[in-house]
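Structure first, then comments.
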Amino acid sequence: MITTESISAIRKQVLAWRLKGETVAFVPTMGNLHLGHLTLVREAKSRADHVVASIFVNPMQFGQNEDLDAYPRTLSDDQSALVEAGAELLFTPTPSIIYPKGMEAQTFVEVPLISDQLCGESRPGHFRGVATIVCKLFNIVQPDIAVFGQKDFQQLLVIKTMVEDLSMPIEIIGVETIREDSGLAMSSRNGYLTAAQKQQAAVLKQTLDKMAIELRAGKQTDEVISTAKQAISAAGFDNDYLDIRNAKTFNKADSSDAEQVILVAAYMGATRLIDNLIVKLK
């Protein structure tokens, strides 16, 4: 696997593949890779001739009091894991390469409406940072396909909307959330949890599963949410949000919606965890 922080080197290699009529899939990450990330790489490998990955801890998507400096950097281990999963090219730029004029002077991309809700409301500017870096990486790599995890459901929808609105010729693939044995969604931030907290955190997925059963049984949305919030709080979480949306439009869910998504964000101690579950009702 070739590892480079050079934009021109990435473009040169991708062009060489394209001149041979070969396809390229892209998996952007922030590093500290786990099985969930590697599943994305393997999915990318199954869909294209070549896989490009990136590792960039994007300062634009972190808020003032968030864990940018503490976010784990594990490049050597990540490189080994990416090779095993099938990546052939790894882009590891520095902030000065991505934002040479600084973030304040950087042109940005913002997807309206969806970016201001749920995670966007809790983390102002987060999705602007996500959309900007993903747009920039897409312009650098110019992939045929890009693969993302469904664990970050709102992020996935933001990216799909951006690609559609800006007429980018890229197919966006969402891959089902990979979970630990307890049901806890795999996340780089799980490393912040103690063993006891990890066991407590399994309540998130258990609660989502129970909510799905209640929705399929015809229980009212507000009642389902209210009961679930109590269960999450009783497990030691501080609720950020818990909501049910139309899985396609992201509007508030209606009983007539055939496909809904339950979304949750909650704090276990100082660690913010997110999860979601898609529920097909018809």
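Quick reminder: no glycine exception, Cβ is built from N, Cα and C everywhere.
As written in Swiss-Prot, here are the features:
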- 30-37, 149-152, ILE178, 186-189: ATP binding site (BINDING)
- HIS37: active site, proton donor (ACT_SITE)
- GLN61, GLN155: (R)-pantoate binding site (BINDING)
- GLN61: beta-alanine binding site (BINDING)
Number of Cβ atoms other than its own within 10 Å, given for LEU33 (ATP binding site): 24
Round to a whole number and give the Cα-to-Cα distance in Å for the pair SER188 (ATP binding site) and HIS37 (active site, proton donor). 10
Specify the nearest of the recorded positions HIS37, GLN61, GLN155 to ILE178 (ATP binding site), where nearness means the distance between Cα atoms. HIS37
When distances run from the Cα of GLN61 ((R)-pantoate binding site) to each of the recorded positions MET30, LEU33, GLY36, HIS37, the nearest one: MET30
Distance from MET30 (ATP binding site) back to GLN155 ((R)-pantoate binding site), taken between C-alpha atoms, in Å: 14
Looking at the binding-site residues GLN150, GLN155, the one with the fewest other Cβ atoms inside 10 Å is GLN150
Indicate whether HIS37 (active site, proton donor) is helix, strand or coil by DSSP. helix
CB contacts under 8 angstroms to MET30 (ATP binding site), restricted to the same chain and 6+ apart in sequence, sorted by sequence, are ILE55, PHE56, VAL57, ASN58, TYR71, SER188
